[in-house]
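So that you can see what the record holds, here are the features copied from TrEMBL:
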- LYS253: ATP binding site (BINDING)
- 3-319: domain 'Glutamyl/glutaminyl-tRNA synthetase class Ib catalytic' (DOMAIN)
- 341-477: domain 'Aminoacyl-tRNA synthetase class I anticodon-binding' (DOMAIN)
- 9-19: motif ''HIGH' region' (MOTIF)
- 250-254: motif ''KMSKS' region' (MOTIF)
Amino acid sequence: MSVRVRFAPSPTGYLHVGGARTALYNYLHARRAGGVFVLRIEDTDAERSTPESLAAIYDSMRWLGLAWDEGPDAGGAHGPYIQSERRARYRAHAGTLLAARRAYPCYCTPAELEARREQQLARGEPPRYDGRCRALDAAARAAHEAAGRPAALRFALEDSGEVAWDDAVRGRVAFRSDVLDDFVILRSDGLPTYNFACVVDDHEMEISDVIRGDDHISNTPRQILLDRAFGWTPPRFAHVPMILGSDGTRLSKRHGATSVSSYRDMGILPEALVNFLALLGWSLDGQRELFSLAELEQLFSIDRVGSNPAIFNIEKLEWMNGQHMKRLAEDDRLARVEAFLAAHGRDVSAHPREWRAALVRAIGDRLKTLADAERYGAFALDDALAVDPIAWSELLEKPDVGPRLASLADRVAADSEFSLASLEQVTRGLAAELGIKAGDLMSAARVALTGRKVAPGLFEVMTLLGREKAVRRLRDAASRWAEERQARTV
Ligand code: GLU
């Protein structure tokens, strides 16, 4: 049987990193096997599904590079791929179960169900449907219909002792079927429940493997029983353990960002997020950590996904991002930085290409995330200089610093060559004349020119600013130094 997998998000919010990992594992499983990756939209919860959320899911999947072979806007022979467009199919399949007496109409109202549920709980029993409408005879049904009572359709469960499957991640999993009840398959508004729509779609879309989060494990016996009632072979299942936050509880907003798009906004590369998510549960050999998507497509195997929950460690993601940043070709790195800056309101296209490339080179290894281009490049990108008060007090509030910076400004203004080499010579020459350490002069100048202690190399900074701006900032710092001194002595 050929491999066909699906990722089946509900468009009720952004794409969560956990969902993205599920999508990735499905994608990789398909690619490795030369199979098909289907995207199916589970929007039967009409109240919570929104077009914005659907657009956000597509956008995040595309950004990650998880191209689907079949699905909305990709087409395919098993469509439609949006559940709200498949209602007639669910009704037809529900009709089959009804005719085979494996489903029956239920006229119980929500209030009646709730009252019985509370009684069961009060008696210390697990709440489950008591099968009342299963026992109705034709006359009783006709009476309910005549009274215009809305009917849901319930699955008529057969006690089969045990429902079990061999899970690709967890091994053999078994449930006693008597913990289940006659669950609803079609609501009274005609919409299918998740379990029913899922089974119908997985069958019609010829899904061979269902890879999903283990929060769905309790749905699996219901789905297998539905498959059996139809006479269909259930897919193979792989239930992937959940992702935990640093404190060992389920990853949530309390731990920080959980949407794919927020990592994009932080300047994480899709390559790094894919790599990081792949390793949240899977490993090749317990050693190797860096993989491209293309490599994962060759190497991933669902058998090597562990059954222990994985911890989402943001420092690790940032480290990985730095590694992937280094792997990018220079042109590519520059293009990503430019796109990131543009998306964050800093259009750099007015600067010559060579200048932009020099800025990225100057930031060098400090470029761990694309946002570092903003952080370490702001001195050159913005006209106004924001000075870090701590950097100022540590490096500028010292005797003689102002006049030294003023002298450096004069020397820089007079340096006709204005190259990295000449600027270095000028700066070191001045320090020697003054009898001070070149490093001291340079760190004060770095704060004067960039506003920060940690910044690219001083001479790169000067050439990026250009003579005029560099001289002006050195003089501005010298004046501020003098004013503050004055203010203190008065
Ligand atoms: N729509 C379900 C979800 O988002 C899909 C579950 C499944 O993969 O069967 O959790």
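Cβ coordinates are placed from backbone N, Cα and C, and glycine is handled just like the others.
Packing against the motif ''HIGH' region' (9-19) from elsewhere in the chain are residues 41-43, 45, 48-51, 53-54, 56-57, 60-61, 213, 242-243, 251, 258-261, 263, 273, 277, 312: each is 6 or more residues past its ends and has a CB under 8 Å from a CB in it. Residue counts of the motif ''KMSKS' region' (250-254) by helix, strand and coil are 2 helix, 1 strand, 2 coil (DSSP-based).
In the predicted structure, the motif ''HIGH' region' (9-19) carries a mean pLDDT of 96. Within its own chain, the motif ''KMSKS' region' (250-254) is flanked in space by residues 17-18, 242-244, 312, which lie at least six positions past its ends and keep a Cβ under 8 Å from the stretch.
Per-class residue totals from DSSP over the motif ''HIGH' region' (9-19), listed helix then strand then coil: 3 helix, 1 strand, 7 coil.
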